[in-house]
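A.B. asks: The structure that follows is given in the form of structure tokens.
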Amino acid sequence: MGNTVAREDFEWVYTDQPHADRRKEILAKHPEIKALMKPDYNLIWVVVLMVLAQLTAFYLVKDLDWKWVVFWAYVFGSCISHSMTLAIHEVSHNSAFGNSKAMWNRWFGIFANLPIGLPYSISFKRYHMDHHRYLGGDGIDVDIPTNFEGWFFCTRFRKFIWIVLQPFFYAIRPLCINPKPITRLEIINLLAQLIFDVAIYYLWGVKSIFYMLAGSVLGLGLHPISGHFIAEHYMFLKGHETYSYYGPLNLLTFNVGYHNEHHDFPNIPGKSLPLVKKIAAEYYDNLPQYNSWIKVLYDFVMDDTISPYSRMKRQLKGEVKQD
């Protein structure tokens, strides 16, 4: 339980990320994939139904005993909240209304953010685009853990705690690695969230607020769906930077598990990523892949050669453009 992992630094690489070159190659061979680069209007209705489902849950838990509030926050609220963060991920790529209506997507992201309880959508969009453009970029890609995380969370017990605290690290890390000036939309996101939270408290009380916030924190921490945070880019196999997951939890996560496909084609909605894999099977079938996010979490904790340091990192060259 106290074993220390061997890795003492990130895996520094001096090559470009593989996704841009593979995208060009696939499109040259399978130009029909371009037809999938269009909005997923069904996403709008799914998000609206998810918001309504959480509003119903806020009402239903207001008079329950605390033990049941905690139970439903983990069993139901956590799944909806984590799923909603991945809906926001889809919206950040303009998948709801298309690139021609970018601001519609931003406003819709603020709406989708409401049942999560903490303002998140606008800031996520700004940092997530950097993650795609500059995957592994030192000082730019805030999906990469800090040196402190890699140094401190180096035993099985500490790695377990790191998984539990993942939502806090994802919130704090951008401020440590790549702080950006606050924008008008981020202030609107914050004010809209505060008004919503106060309204829920005024209408239904503290148990509804607890259910909302606890569900979000629990859903992004020690939870089966949270396996995707580690499965996507942590280097379980040397030389492989991005990994896909093809298990059943894709049904709850807008196919975020199709992660090689997503980085190759970030402008294709999650709904269509299985088609990308099917059309270009020769590019994806032989790449390393997972079928269980729970096993990913278990292996991350128990494998003494894996830690937050198990990421590829790049020293970026030339001009860096950020949102």
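Even glycines carry a Cβ here, placed using N, Cα and C.
A TrEMBL annotation is a machine prediction, not a hand-curated record.
Per TrEMBL, the features are:
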type	residues	note
DOMAIN	5-43	domain 'Sphingolipid delta4-desaturase N-terminal'
TRANSMEM	43-61	transmembrane segment
TRANSMEM	68-87	transmembrane segment
TRANSMEM	107-124	transmembrane segment
TRANSMEM	187-204	transmembrane segment
TRANSMEM	210-231	transmembrane segment
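Explain the structural surroundings of these features, please.
C.D. replies: If one looks beyond the domain 'Sphingolipid delta4-desaturase N-terminal' (5-43) by at least 6 residues along the same chain, the residues whose Cβ comes under 8 Å of a Cβ in the stretch are 87, 90-91, 94-98, 135-136, 144, 150, 154-155, 159, 235, 238, 241-242, 254, 260, 263-265, 267-272, 275-276, 279-280, 283, 304-307, 309-315.
Outside the transmembrane segment (107-124) by six or more residues, the chain places 44, 47, 50-51, 54-55, 58, 80-81, 84-85, 87-89, 91-92, 96-97, 171, 174, 183, 185-186, 188-190, 192-193, 196-197, 209, 212-213, 216 with a CB less than 8 A from a CB of the stretch.
For the transmembrane segment (210-231), same-chain residues at least 6 beyond its ends with a Cβ under 8 Å from one of its own Cβ atoms are 54, 57-58, 61, 69-70, 72-74, 76-83, 85, 115-118, 163-167, 170, 197, 200, 243, 245, 249, 252-253, 256-257, 259, 290, 292-297, 300.
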A.B. asks: In the domain 'Sphingolipid delta4-desaturase N-terminal' (5-43), how many residues does DSSP assign to helix, to strand and to coil?
C.D. replies: 19 helix, 2 strand, 18 coil
A.B. asks: Under an 8 Å Cβ to Cβ limit, what residues of the same chain, 6 or more beyond the ends of the transmembrane segment (187-204), are close to it?
C.D. replies: 58-59, 62, 110, 113-114, 117-123, 212
